[in-house]
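Below you'll find the structure, written out as C-alpha cells, and then a few comments.
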Amino acid sequence: MFQEISQKKIAEIVEGRIINQSNELLISQIAIDSRQILHPDKTLFVALRGAKADGQAFIPQLADLGVKTFLVHHDYDELVAPDLCFIKVSDTRRALQLLAKFQRSLFTNPVVSIAGSNGKTIVKEWLGQILGQKYAVAKSPKSYNSQVGVPLSIFGIEGYHQVAILEAGISKAGEMSALEEMIKPNLGIFTNLGTAHQEGFESLESKLEEKLSLFSGSNFLIYCKDQKHVSERIEALFPMDKLVGWSDRAGAEFTRSVKVKGNASRLILMKSDLSTHTFQVPFTDVASLENITHVIVAAMTLGLNAESIQEGILHLKSVDMRLTLKPGINDSLLIDDTYNNDLAGLKVALDFMHQQRPKRRKILILSDLLQQGSPEKIYEEVAELIKKYQFDLLFGVGKEIFFLEQEFPEAFTGFSSTEELLTNLDPETFANDMILITGARVFGFEEVVNRLQQRIHGTTLEINLNALTHNYNFYKKLISPKTKVMVMVKAFAYGGGAVEIANQIQTMGANYLGVAFSDEGVALRKQGIKLPIMVLNAMQESFGLCSEFDLEPVVFSPEFFESLASWCTVHGTTMRIHLDMDTGMHRLGFDRKQLDKLKSLIQLNPQLEIASIYTHLVGADEDIHREFSLSQLKDFEEMKNEVIDILSYKPLVHALNSAGIVAFPEFQFDMVRLGIGLYGVEVTGKHDLALRAISTLKTTISQVKELEAGETIGYSRKGVLSTGGKIATLAIGYADGYDRRFSNGKGYVLINGQKASIIGNICMDMCMVDVSGMEVKAGDEAIIYGEKISLKELADQIGTIPYELLTNISTRVKRVYYLD
Ligand SMILES: *Cc1c(COP(=O)(O)O)cnc(C)c1O
C-alpha cells in the first residue's frame, strides 16, 4: 500500500462508525480473502458480501489468526471483543473503493489506464515490461480490473513505484464511474470496441460512451483512428489537444505502416512532425500488431526513447500469459506461471496453488523477479510468502534470488541460469508433488515446464476456471443468497474432469456435489474433496463404499429403502440419504402411490436420515412444457410436505436444474441443482450472452497435403475436392469424442481464426479438413469448439444436445486448467 493509515483515518475515509479504535495500530495491508493474510495485526479485513459467501462469516477465524481491524456491514454484531476494531458501513464494497480512491490520491506519479473490449491485459503486460526496463512499475496482477479487482490493484502501488498501469473492465452500464473515480488516469489507452458483454448495455454506443468516461480527466488518450465509429465518438467527446491517435492512413498523430516478413514485422511510425521511428516486432497477426502499436505509442508519450522501446520489444513474445494447471510427471500437478514477473503476480499464483487439492510436497521453482525497487525488501516479502505457503523445496534461478538462501538454507538450491537448473533437475525425483513454476519471461521457464509435464497427445481440452466461476455467479444472482447450490459433477463433470472442477466448485462456495455413481464419489474423496456428495444411483454392491467415503445415496424406491436400511442395521451404522420424488420424469423415484409405504419405512428406520427431498423437471428448458413443469412442481410440494410432516427435523428441499433456475426461480426451495449451465450452455436460450464457454477442445495439424481434382479423401472415398486444393490432417478422431456425424462437411474447425470444413469421413484418431487457399502448416492449432464455435450450434448441426458433445470427450484427451 502506498501509505500506512490509522483505523481512525480509515473510518473517516469510508464514513463509517468505529468501534474500539486503537491509536497505535497502523494498517498497511487490505485483504478481502481470509486466506491471504500475511501480517494479521497490520491488516484491515474487508468483509464483502458476494455471490459466493459473506466475508463476515470468516471474522471469528481471522480474529484467531490475529487480525484486529474489520470493515463490516452495519448490521454486524456477532463477534465483538475489546481488542477488535470494527468499522461499520452500509456497503463494504463501496468502502473498499473509497479507500482505493484515497490511496490513489497520494500517488503523484503517472497512472496509465487501459479500457476497451480486447487486448487490455496484453497491452498492460507489454507496456509494463517495456517501461520496467527503466522505471519501477506497479501494475494490476492478471486481470484484476473489476469493481473489486481495481481497488486491490491500487493497494499494490507502493511508495517506490514510478508509474502505475491499471486495467479497467466493466460488464454492465453504470460501472465505470466508480472505476474512474479510483483510477483517475493521467494517460489513457482505448484498445478497441467489440461486442462482448453486450448484454449489460443498451446499445453499442452506450457501451462505448461508458467505457470512454474513464478518461474524462486524463491528459492524454491513445486510440486507433481506424475503428471509425469509435474514433468519431472519441473526437466528439474530447478536446483535440488530449488526443493521440494512430492510423494506417495519413492524417493522424502517428501514421503506421507495417511490412510483414516471415514471422516478424517491421513497423514504421511517422509522427505528425514527420519524424519516423522503425521497430522490429516478432508478430504478424492483426491483433498483436494493434496491441504493440498501442504500447509503443504509449511508451513514447511517456517519454521513453525509441531505442529503449525496441530493446524491450526484443524480449517480448506473443506468449500465453495464463496461469495454467497441468498434469505433471508421476502424478504431480504443475502450475505454469512462466510469464510472471512481479510480486503481485506471484501472490496470485500462490493463491491459486493454495486452492488446489493437497499433494505430497510443495515445490517452488522461481527466478529473479525482474522488478525495480530494493531487492532486500522484495525478497523479504518473497521469503514471508514462502513461509506462509509452507514450501518443502525451493529452486531459485538468477542472481538476486540467492537472498533466499539465508532464510531457507535447507530447502533452497540456487542456480545461476535456467540451463544449469535443467542440467541438474531430475524429473524422476518428483512424484505426486505440487510444483509451482514461476519466472520472468527472459528465464525461459517454458523449458522447465516442458521437462516436468506429462506428455500430451495433440488433442487437449482446456478448461477456463475463471469462466466457471463467472457462470456460477450468474446463477447465484438468479437465486436468493440463502439458497444452497448443489453442483452436478456426474459424468466426469460433464466431460470437464471431475476432480479439478469439484475442487474449483468447493472454492467457489457451493454447498453440495452430485455424482451419478459411487465410484465417481470415491474418486473425489480420494483427492481430498470435502463437500457433501449425493449419489444418484448407488448400487447395492457399493453401500460399503458409500459408508466408508461418506457418500449420500439417493433412495428412489421402497425396495431400495429397505435394502439400504437393513444394510445399515447389519453394519451398525447410519446414513444420510436423499429421496427422489417422481413427478413426471418416470425414470427413478417414488410416485404418489408409494408415499404411505415410504412414510412408514422412514418411521421404522431412523438409521436413515433424510438429508433432502427432491424432484426433477422434464422440460424446464422449453416454454411449451411450462404448464407441465408447474404441475410437477405443485405435485412435488404436496408430496414433500407429506413426508416432512412426519419428520422431527427439516431436510433440504430442491427441484430446479440449470434451466429451472432461469424459468422457475420462485420454486428454488432450499437448494438448486446446477449442471450444464455451469459448463457454459444456457439451455433455455433466454440469456445466450450471459454465460462464458468454459472449455475449448483443440488439436493440432499433423500434415498438410495438396490434392488434384478428383482425388478422394479418407475411408469409403467420401471426400472430394472437385477442383483440387489443400487438406490438413488433424490429430483428433471419433475415439477422442469427435462425433462421426460431423463427417462430410457437417462440421468445421477454426484454424488461425478461419473456418475449415471436415472433408470425408472422420476416422478413429484423425480427420481431414479443407484448407484450400489458407495459410496453414503442420503444428498449427485447430479449435474444435470453444468461445468462437458454440456447442449449441454444433449440437444442432448433427441433431443432438450439447450435453452429449460435452460428455463424449474421451478421457484420453488431456485436460488443462487455467485462469484467464
Ligand atoms: C443432471 C442432473 C441435474 C442437472 O441438470 P442440468 O440440466 O445439467 O442443469 C439436476 N438434477 C438431476 C437429478 C440430474 O440428474
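Each Cβ is built from the backbone N, Cα and C atoms, and glycine gets one as well.
In the three-state DSSP reading, Lys490 (N6-(pyridoxal phosphate)lysine) counts as helix. Taking a C-beta cut-off of under 8 angstroms and a sequence separation of 6 or more, Lys490 (N6-(pyridoxal phosphate)lysine) has the following same-chain neighbours: Gly514, Val515, Ala516, Phe517, Glu520, Leu536, Gly675. According to TrEMBL, the feature N6-(pyridoxal phosphate)lysine maps to Lys490.
Positions annotated as active site, proton acceptor by TrEMBL: Lys490 (among others).
Under the three-state DSSP scheme, Met764 (substrate binding site) falls in the coil class. Around Met764 (substrate binding site), the C-beta neighbours below 8 angstroms that are at least 6 residues distant in the chain are Gly733, Tyr734, Ala735. Annotation comment: TrEMBL describes Arg587, Met764 as substrate binding site.
According to TrEMBL, the domain 'Alanine racemase C-terminal' annotation covers 694-818. Mean predicted confidence for the domain 'Alanine racemase C-terminal' (694-818): the pLDDT average there is 93.
Residues or ranges marked as active site, proton acceptor by TrEMBL: Tyr715 (among others). Sequence-distant neighbours of Tyr715 (active site, proton acceptor) (same chain, 6+ apart, CB under 8 A from its CB) are Gly760, Asn761, Cys763. DSSP assigns Tyr715 (active site, proton acceptor) to a helix in the three-state reduction.
Remark: Arg587 (substrate binding site) has His616 as non-local neighbours, by Cβ distance under 8 Å and separation of at least 6 in sequence.
In terms of DSSP secondary structure, the domain 'Alanine racemase C-terminal' (694-818) contains 23 helix, 49 strand, 53 coil.
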